[in-house]
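Novice: Structure incoming, see below.
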Amino acid sequence: DFLCISLVNGFTQLRYNLGDRTIIIQSLQKVHANGSTWHSLNAGRVGSEGYLDLDGLKVTQKASPGMNALDTHIDFFVGGVSSLNLVNPMATENEPTGFTGCIREIVVNNRELNLTVTDPKGGANIGDCDGTDCGYTVCKNNGTCQVENSGFSCSCPREWTGRTCEQSIYCSQNTCGSHSLCIPQPSSFSYTCACTLGWTGKYCNNKIKFYIAKFVGNSYIKYTDPFYGKRNLQYSRLSLNFTTNQTEGLIAWMGKSEDEDNDFLAIGLANGTLKVVVNLGERISVPLMHSKYFTCSDGRWHFITVVQNQTCIKVYLDEELILFEDIDPQRKYTALNYGGICYFGGFEIGRKVSIITTGLFQKEFFGKIKDVVLFQDSKKIQLMKAEGYNIHDGNSGN
């Protein structure tokens, strides 16, 4: 399998092969090869259907029956490869050659790749393309960069300040403590302080310990599983206790959440009903719901366990088996490749649950979580030792 973008006789070309045949899409117009014109290129595929957009002119390739997953577990190359004989003969029209020119702002699956000296895994014979202190995206938040004798300066939009327009004006005079982030609130011309794990209070100056994590809607915990490399991913298990009086909310997300192709196991509430969603590959997300249980939003503690045995999913609520389903009898994908990441209550600040979960869950979690156990581990996860923000001590008032 491969996906390749190249220049062919002055045209841009996208070629990809998902395992059965090579699909070729070419731009309608040529690129300006004068060395001074920047071009915007968007290319990709959804299943086997491809698209190529050069400077706003889009060409698409309709899907036809066949493979629809790109299975490449190798490095991502830009501008050339370490050895040209690594290139699949079908990936380029002519003999492959390295690219000569400038490339900037590469975004793969909604994540920008930092084209710096230190961020890539490797490379060779790369120079600075801009040639000035302004470079590319030095000024954040749509600031304008000016080259000066002493380097550069940024002219910032009115709601931003700082040397590179990196700071909101609402946070420029903030009094948040050292264990916090300042979150601008433009609607009220103010700010709030988001506290790191183990701290609370208006300015995050009060140290706390907790065994029960209380989530207040803009909270999350991100736990990295230290034993991920030793797990048998065909047999996963997640159990925890939760309590809430809300009818919507994401309780737990076992997976990386970086792009739509990531495997995940998710637990949450939708319309007051327990909802479990499992994706073992190729975006086949199977929501499992049990309409009988409208009691999960009653403010009482509930114990949930989700067990994945290859493609068979079992869900226990308060130690009663409420769901049992084989989500893929064909057994095409049988492992939960969750990347060793578990989120509780929501995702990082600024990342909305409804967007990350593509509408599977509508809101962040309001409530409490305790006694989280992964797989058959003998010990509970120490939520205090994870990372996260705006978690309160849930021990009081239980």
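Including glycine, each Cβ sits where the backbone N, Cα and C put it.
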Novice: Where TrEMBL annotates a disulfide for Cys165, which of Cys156, Cys171 is the other cysteine?
Specialist: Cys156
Novice: Which residue in the list Cys193, Cys195 does TrEMBL annotate as forming a disulfide bond with Cys176?
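Specialist: Matching partner in the record: Cys193.
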Novice: Quick one: which of Cys102, Cys171, Cys182 does TrEMBL link to Cys129 by a disulfide?
Specialist: Cys102
Novice: Starting from each candidate's C-beta and looking 10 angstroms out, tell me which of the disulfide-bonded residues Cys102, Cys165 has the most other C-beta atoms.
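Specialist: Counting every other Cβ within 10 Å of each candidate, the maximum falls on Cys165.
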Novice: Out of Cys129, Cys156, Cys193, Cys195, Cys204, give me whichever of these disulfide-bonded residues has the highest number of other Cβ atoms within 10 Å.
Specialist: Cys195
Novice: Far apart in sequence but close in space: which same-chain residues, 6 or more away, have a Cβ under 8 Å from Cys176 (disulfide bond)?
Specialist: Cys182, Tyr191, Cys193, Tyr203, Cys204
Novice: Which one is it, among the disulfide-bonded residues Cys102, Cys129, Cys195, that lies nearest to Cys156 (disulfide bond) by Cα separation?
Specialist: Cys129
